[in-house]
Amino acid sequence: SAAKIWRPSRGLRQAALLLLGRPGARGLARFHPSRQQQQQFPSLDDKPQFPGASAEFVDKLEFIQPNVISGIPIYRVMDRQGQIINPSEDPHLPQEEVLKLYRSMTLLNTMDRILYESQRQGRISFYMTNYGEEGTHVGSAAALERTDLVFGQYREAGVLMYRDYPLELFMAQCYGNVSDPGKGRQMPVHYGCKERHFVTISSPLATQIPQAVGAAYAAKRANANQIVICYFGEGAASEGDAHAGFNFAATLECPIIFFCRNNGYAISTPTSEQYRGDGIAARGPGYGIMSIRVDGNDVFAVYNATKEARRRAVAENQPFLIEAMTYRIGHHSTSDDSSAYRSVDEVNYWDKQDHPISRLRQYLLNQGWWDEEQEKAWRKQSRKKVMEAFEQAERKLKPNPSLLFSDVYQEMPAQLRRQQESLARHLQTYGEHYPLDHFDK
């Protein structure tokens, strides 16, 4: 066919031979193609030769309407009662692995409740819960290798929880005490851990997307047998950085998984006001990215999709987009009151009828791997573990104020050194006006 003959590297050269004739001939009059040659090189009008798209000509004016394209289906493995729908899609995870999924999700939920209340009591300055989205974090984390690099947004604490990040460090970061690896210089919930390959979170939306693509490109060039996973919400997908990241990943063929948590709201803006197309997964094919939409409240669906995307991203050096449909049960943050823009009944429906933790618990009960006594014991144990870490973090001092100026340059510039010295003189003179006894010396 013409598509096979007119390859990008040969098309122009062959077209020139058709127009100019054989070497040594003068003009078109000396060139007489045979019947075989006429069949081999059909008219250029048969198929478009434009370099920017692969398509066919039509002779009828018609715009493509988005509402006539059927929506991308939502892949799921188990129903709301924890029953496997199609046995061939069952990941057949061993009991201990499923219990680890469940314990990670419920421990995260317990930590959320305690830290949310601590902010309301004025003990920490800010917090963001993960209620209702635990399945997206933990299910995807379980499908990754521990060395895969993670770029999060600000609602992926479950990835760190699954990777056994200590509760003490979660608490230290939220309190900004001397045990915080970030030395108290980040907002709460902006975690980072080099040892667990989790890049420190940045508040501005979507900045992590092109950064993650760059990291994936570097991994590809190094033949590292590693992928990068980049998490973001559907609201962040409206940022320009998302477009840049998607396009770079596709054209540079980077081994990356774009993991979009579509939880229904970008702070107070519902999805109906964010976009008119079919969600986020529908954007992938336009960039040349393999895409899938999954039930984010089904931890096994999330696991399967991430596992396969990871396998193919490494084997084929190409990006994948996963849109996990879920619901943000909690407020956007402790600075938000979601009752101003959504009903209590709406929230209660998702909390009571389709919660990822409830669904996985039902699966465990169906398998005979869990019972009510174990549930009560684990709830008590997990709360005790969180409270112990909480109380320990609360007793610790804040980092020394002089650390405000460190860790920016390898060698501190003179200007920063002068500022550091100025702060030290100020505190020495007016120290009685500051709670310096709460800070490390």
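The backbone N, Cα and C atoms fix where each Cβ goes, glycine too.
What Swiss-Prot says about this one:
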BINDING   Glu234, Asn263, Tyr265  Mg(2+) binding site
MOD_RES   Ser333  phosphoserine
MOD_RES   Ser335  phosphoserine
MOD_RES   Ser343  phosphoserine
MOD_RES   Lys352  N6-succinyllysine
MOD_RES   Lys352  N6-acetyllysine
MOD_RES   Lys376  N6-succinyllysine
TRANSIT   1-41  transit peptide
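Distribution of Swiss-Prot features across the structure.
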residue: Glu234; record: Mg(2+) binding site; contacts (Cβ under 8 Å, 6+ apart): Cys260, Arg261, Asn262, Asn263, Ala266, Thr271, Gln274, Tyr275, Gly279, Ile280, Glu323
residue: Tyr265; record: Mg(2+) binding site; contacts (Cβ under 8 Å, 6+ apart): Gly235, Thr271, Arg328, His332, Ser338, Tyr341, Arg342
residue: Ser333; record: phosphoserine; contacts (Cβ under 8 Å, 6+ apart): Phe126, Tyr127, Met128
residue: Ser335; record: phosphoserine; contacts (Cβ under 8 Å, 6+ apart): Phe126
residue: Ser343; record: phosphoserine; contacts (Cβ under 8 Å, 6+ apart): none
residue: Lys352; record: N6-succinyllysine; contacts (Cβ under 8 Å, 6+ apart): none
residue: Lys376; record: N6-succinyllysine; contacts (Cβ under 8 Å, 6+ apart): none
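According to DSSP, Tyr265 (Mg(2+) binding site) is assigned to a strand segment. Using the Cβ center of Glu234, Asn263, Tyr265 for Mg(2+), the list of other same-chain residues with Cβ within 8 Å runs, in sequence order, Gly233, Gly235, Arg261, Asn262, Gly264, Ala266, Thr271, Thr326, Tyr327, Arg328. Ser343 (phosphoserine) carries neither a helix nor a strand DSSP state and counts as coil.
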